[in-house]
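Enquirer: Sharing the features that TrEMBL gives for it:
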COMPBIAS  566-576  compositional bias 'Basic residues'
DOMAIN    24-523  domain 'Major facilitator superfamily (MFS) profile'
REGION    564-585  region 'Disordered'
TRANSMEM  19-37  transmembrane segment
TRANSMEM  95-113  transmembrane segment
TRANSMEM  125-147  transmembrane segment
TRANSMEM  153-181  transmembrane segment
TRANSMEM  193-212  transmembrane segment
TRANSMEM  218-238  transmembrane segment
TRANSMEM  334-355  transmembrane segment
TRANSMEM  375-392  transmembrane segment
TRANSMEM  399-416  transmembrane segment
TRANSMEM  428-453  transmembrane segment
TRANSMEM  465-492  transmembrane segment
TRANSMEM  498-519  transmembrane segment
Amino acid sequence: MAEAPLGIRFIGRFSRDQWYRTFTLIFTFLLYTTFHMSRKPISIVKAELHRNCSNVHEMMFSDNEHPLKEGPWGKGQNDTWCDWAPFNHKDYKQLLGALDYSFLGTYAIGMYFSGVIGERLPLRCYLAVGMLASGFFTALFGLGYFWKIHSLGFYIFVQLANGLVQTTGWPSVVACVGNWFGKGKRGLIMGVWNSHTSVGNIMGSLVAGAWVTKAWGWSFVVPGIIIAVMGIVCWLFLIEDPRDVDCVPPQHQEYLCDRRSNEDYFSIQNEDLDRECLIRSGSAVDLPTQDQAYGSVGTRGFESNFPTDSEVLDGVARPAKAISFLHALQIPGVIEFSLCLFFAKLVSYTFLFWLPMYISSKAHLSPKDSGNMSTLFDVGGLIGGILAGILSDYFGGRATICGAMLVVAAPMLYVYDSVGYTSTTTMISLLILCGILVNGPYSLITTAVSADLGTHKSLKGNSKALSTVTAIIDGTGSVGAALGPLLAGLISPMGWDWVFYMLMAADGFACLFLSRLIYKELNDWCGTAGVSIRLSIHPRTIASVLGRVPPNLLRTFWGPSECPKSLRKSARKNGRKSPNPDVQS
């Protein structure tokens, strides 16, 4: 019998569950990429809505042709003939800021309700309807160009409505991914997955930049069509829960030895030690073995023996209920990370909505070139999200990794504002570096941290909290995201330096709100480091040198009652006193 082809053998190496998980991860990545693609055009088109008309005049009539007496954007030959009314006045920055605030304000308010609603409705239908509505309002903004609408009220209404319907996206996709993936290596997986933010921004910049100087309406219409089409695809293919296709759900548990892996951290390949480091879930339900969990493997339609949400609540079989808003706030860490994200997202979204215009103003580039250059910040954000996820998985401290990146980000913003536009090489390098430091914490908090808290041990296995917790954290962050671009529009007439001072202060406050969690994580590391050292040395080796170590030092190392019993016995056998005189066998 001939050997199976290489491709078929490769497919056979992965289980049915692994293929479904991979599909869900990639599919939700593509879905949310289109959300960010539809948000990016406004930042690219801003530089076209209000331009330096003297430069436009020179470019259009450098061949000594007679200038137009009536431009396509307004009547009369003046300094604003090329601008799109009503953004042709001196207060255009405030008006453009009002567009940002309209979108982000309703996005922030709606996010608090979206998560609660999403927990009570089928995620697939909820997300699909939201994507269709987002596509409609995104395209409607662009149609204002073709319909020659110059009413500020029209564009603000569209932004208000678009911000509201786009709140359906984030809680839905995070809850879906959280349903499929457990705690292990969640930082890396979600760090890679969250690169959809940067990929969507890059694609949105390129799509919008292709039409911005020709007919900027298409910069909105094309992304609107794309997200609407993906909404239909979402309704057809999204699998929101593993149990819907007879796959095994992940176990959302918190481990005492959660660093890289239990074995690696303690340097011992021992199943008994893994048992001692096992679950702190607050539930008395025993987990089934792999054979019990899979039942009749190889057949379609088997019933999974893994405990469902209704089976793990206090050991009593009753349906799990979606938690309340106040209950979600009581989960440890939710408030701290929410306030941190308020300031972290303020910085990130200020860059998202104002960076192309800043580059155009400082480096004197065209709207298309400044939009393309701004994508380097998103490239850095892609790297930063993955890097933050890897580091948080390796060290086991989400708050500490976020705090470290925020501390470095503040001075780096000052460097970028001071010398970032002196040369192309400097601009590229600093844009990527700032993207890494600014978007790394933002990415980690909105993905891995939200999923961790949404499956916290205090919930006792209830997965009906993911969407609500995600909505609270991202909703609070979105309030900062709404405030940042608005403040940038108000402060920028005083000079761009003042905008960067605001961003540096925001990074400082973001780090400050994590200080308690950082302190706790550092204390945990110090305590567990001592355990690691102790377990990696054989008791007899330690006992042989006990007589040479001062007892006070030993008490400091082990604490008043932590000296291993085996060491005390070994010490007595060798004729020495117990290393901890306060505790005798």
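Residue numbering: from 1, along the chain as shown.
Backbone N, Cα and C define each Cβ position, glycine as well.
Any TrEMBL annotation is an automated prediction that lacks curation.
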Enquirer: For the domain 'Major facilitator superfamily (MFS) profile' (24-523), what's the model's average pLDDT?
Expert: 77
Enquirer: So, taking each listed stretch (125-147, 193-212, 375-392, 465-492) in turn and counting its Cβ pairs to the transmembrane segment (218-238) that are under 8 angstroms, which one gives the highest count?
Expert: 125-147
Enquirer: So which residues does the transmembrane segment (19-37) touch in its own chain, when a touch means Cβ under 8 Å and the partner is 6 or more beyond its ends?
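Expert: Residues 127, 131, 134, 166, 169-170, 173, 176-177, 180-181, 189, 193, 195-197, 199-201, 203-204, 207, 223, 226-227, 230, 234, 237-239, 242, 245, 247.
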Enquirer: Under an 8 Å Cβ to Cβ limit, what residues of the same chain, 6 or more beyond the ends of the transmembrane segment (375-392), are close to it?
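Expert: For the transmembrane segment (375-392), the nonlocal Cβ contacts are 186-192, 194-195, 197-199, 201-202, 205-206, 348, 351, 355, 398, 401-402, 405, 428, 431-444, 447-448.
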Enquirer: Is the count of Cβ pairs under 8 Å between the transmembrane segment (95-113) and the transmembrane segment (465-492), pairs 6 or more apart in sequence, 3 or more?
Expert: yes
Enquirer: Cβ pairs under 8 Å with the transmembrane segment (399-416): which stretch of 193-212, 334-355, 465-492 has the most?
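Expert: Between the stretches 193-212, 334-355, 465-492, 334-355 has the largest tally.
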